[in-house]
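**Q** Just dropping this structure here.
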Amino acid sequence: MMKKSSELQKEDREVLLDLDNRGEAQTTDSYGSLQNGSFIPPRYFSAAAADEDGGASSKQTVPQLGNYFRDGRAKIDFVLVWEVRSRRKRRGKGKNEANCGEGESVPPEGSSRSERRKAQLAQWREKFVQNLEGAGLLVEKEETANEKKTIHFLKISAPWDVLVYYAEELCLRAPLQAQPHQNLNTSAMVLKRLCIPNAMTESVPNRPLDYYTCAFRKSKMNRFLGSGDHEAYFTNTQRHCIVYEILARTVYGKRKRAEVGVDRLVNEGAYTAAYPLHEGPFQLPNYESRPDELNQRQVLYYYWARWCKWYKYQPLDHIREYFGEKIALYFAWLGFYTAWLLPAALVGTLIFVSGVMTMSTNTPAEEICGSGAKYLMCPLCKTCKAWNMSEICTMAKMGYLFDHPGTVFFSVFMSFWAVAFLEYWKRKMATLAHHWDCMDFHEEEERPRPEFAAMAPTMEQNPVTGVKEPYFPEKTRLSRMFTSSMVIILMLCVVIIFLVTVVVSRGIISVMMYHTGSPVLRTEAGTIANISSSVVNLGLILLMGQVYTALAEQLTKWEMHRTQTQYDNAFTFKVFIFQFVNFYSSPFYVAFFKGRFVGYPSKYGTLFGMRNEDCGPGGCLIELAEQLFIIMVGKQLINNIQEFILPKVKAWHQKRAFSSVLGGKVSQEPRLWEEDYKLVQCEGLFEEYLEMVLQFGFITIFVAAFPLAPLFALLNNWVEIRLDAHKFVCEYRRPVAERAQNIGVWFNILEALSHLSVIANAFLIAFTSDFLPRLLYQYKFHNDLHGYVNYTLAYAPLNYTDYPMCRYKAFRDSNGNYTLFYWELLAVRLGFIIAFEHVVFFVLRAIDWIVPDVPESLELKMKREHYLAKQALAENQEALLVSRGQRPTPGSPETSSPASDASCRIMN
């Protein structure tokens, strides 16, 4: 209904009167907190009570054991846990849910600091629970104890009136009308049109329904579907969000000290854990269970988290229903990225196979293999001897696999692939955001972080909310951020120092291999040195990554960012910058710097008294491919092993600690709050996104040297999806559902990497590959590359007395000066870079302009749903008036749609 301004003013006056009657109007010191319970206007309680009576005859859901209070009626929405060391065995004292205080007295004078701290935490808990009860929440206490320790569980439930009030305050969406399920899998629709059987599709039971929705309003309750079934009207994730919002607002100490919220209580140690319950065990009860008998967790385990489902579509609607939009978007992005890796892996594999098939047509390699003693090469070190070029026959042939015309095509292909992938992900993201009803979602004014509130020196008024909040001077924060930047630069210098150490060690290993006297070791000295140093480099990378992540966390905390979003963005930026340099510095050195500062006989460049490194016999690209294989694949393998083992070890330790409290006692029926406490606290999605973003950099920035990178990424991601799914379903406590409409700052990082890849591949082809030198030689001399090897070898200067007639690879004359061909080649290289970048970026901009971020069909659908939702509101209201024996009047307030309902969207 469209309310008139007088009606809105009347409603506001009712709220003000309710505030006066309650006598607890909030002051500006509370900054949105709940002191002595939250305020809910009495009209909500009376209306809710009427609805409870009216809905008594509706069909009731059978309570699931373990998810309810002892009365079997109140559903458990949240659990708070704290542990207390037992001085003596406690006897049935804490079973009274009406009084959940611990009854711990104030410690006497002269007590230790730890005892005073324990007493303070107990007082905070007691006041916190009292305020929760004042907010209308129901609480019930359980405990498990032995002679050493007592574990307390506080079960929290939100009654109908509280849910209704906060659903309206938080602008939750309410269903108006059901609609058919949509098929959002593009590949499924294509295969269906082509009449090809689709092995990836699977019918997953208990799929959430699709609805037309509008913002929830208590005054329009009768218009929404299912409003009579109070037990199932709000989904479990909605209930969790509402209860968590109350927990985050409730005061436990002094408001002026910002002693507010359950998160800070957990950080202070008052509670050891705070979590919503899983729907039940994930194990299937038996093999004969019907699909409709499975709970949501069992459905996700059976149809998603098991390894045998690696080739099936992910049930994204079920994931979103159980974990919320933020986690569902991560799995949607990971699945979308993995699907797009299929064509990239296929093309890359074909490029590699084509190199294998055409290896015999490589004229320069054939000339090297058949040269015998024709080309006497200058020594590789001061104490080394001259060698014949024919000794590197095998490496010359192997180098062709990573440096042939097909790799140039693949570089261009992957540049277009990266941008097209991001463009179509934006379209997919818009479709999912609309489908999940968060297209217009924007985070509200965020409350201060618990750590910020605890350490902020002063309180100041928030200009947006008009209430006092903890405040940290901006000037001090900027100075701290500057200091943090200096520390980051110092750590990046440490990475460079490690890189130089690896380079020097590689030279030492190469010389040692050469002096062994073995012909095999002397021939493969560069390869052995490169592989061994790459393995050492990988170990240093992983070690430095762990050290820096911990350092970045401390620096970000020290910078005192006010909100969690600001903290997350600052932390993400620090870690990514470091990991970017940490992982990519060595490949960048091999790709763009190695072999550039070697010099020539009698005038070699040196570093710490050692001759600067030159590229190996097969060229720098094959060394780059070896490094990429070891670092990328090695990192993926180690990460997968960690993700598989570490959660199980943590869960085993948690279960062992809890079992020691049980003392061998096993209850007849496992209690869900205890079973979930044995699980591991969810660690968020930061590490998951970081791993995938670094992988994206490997398969785009250096793809010219390693065309098999997309294939290894594809194989890893198939494993990664099931590993992450198993962690969230089986090993993590259930996280609080969070809404989101995109993947946040990670998309900006992906866009930056895709643009960097174009520049990197242009320089890689121009200066590291032999593609342009061969092309220019074919243009000027011989199209079949006969004589190319001899043309690329220069004679040592006359003043080089060790081996006067030895050869080395360079475009120089007998005096060591660059030849005309070198300068012509330099011009060709620079021209290629400019042409490559301009053409690719132009095509990318054209793709960005041609492909809209929101599909045209989706825009039309949104307009259509907007219209149908308003029609549904009008029809529901008309049916309601007819059922009351009233005759609707066209244009009356009862039959018109409210302005607030104009943003109706589709929702699960």
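Every residue gets a Cβ built from N, Cα and C, even glycine.
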**Q** Labelled transmembrane segment by TrEMBL, one stretch among 299-321, 529-551. Can you tell me which?
**A** 529-551
**Q** Excluding the flanking five residues on each side, which residues at least 6 beyond the ends of the transmembrane segment (407-425) place their CB within less than 8 Å of a CB in that stretch?
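**A** Sequence-remote neighbours of the transmembrane segment (407-425) are 333, 336-337, 340, 343-344, 347-348, 351, 355, 621, 696, 699-700, 703-705, 707, 710, 747, 750-751, 753-754, 757-758, 761, 764-765, 769, 771, 836, 840, 843-844, 847-848, 851, 853.
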**Q** In the same chain, who gets a Cβ under 8 Å from the transmembrane segment (487-509) while lying at least 6 residues past its ends?
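**A** Those are 525, 528-530, 532-533, 536-537, 540, 544, 548, 551-552, 555, 574, 577-578, 581-582, 585-586, 589, 607-608, 610-611, 613, in sequence order.
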**Q** For the domain 'Anoctamin dimerisation' (68-316), what is the mean per-residue pLDDT, to the nearest integer?
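**A** Here the predicted model's pLDDT, averaged over the domain 'Anoctamin dimerisation' (68-316), is 81.
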**Q** Grab the same-chain neighbours of the transmembrane segment (693-715) for me: Cβ-Cβ under 8 Å, and only residues 6 or more beyond its ends, written as numbers and ranges.
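**A** 337-338, 341-342, 344-345, 347-349, 351-352, 402, 406-408, 410-411, 414-415, 418, 576, 579-580, 583-584, 587, 591, 621, 624-625, 628-629, 631-633, 635-636, 746, 749-750, 753-754, 756-757, 760-761, 764-765, 768-769.
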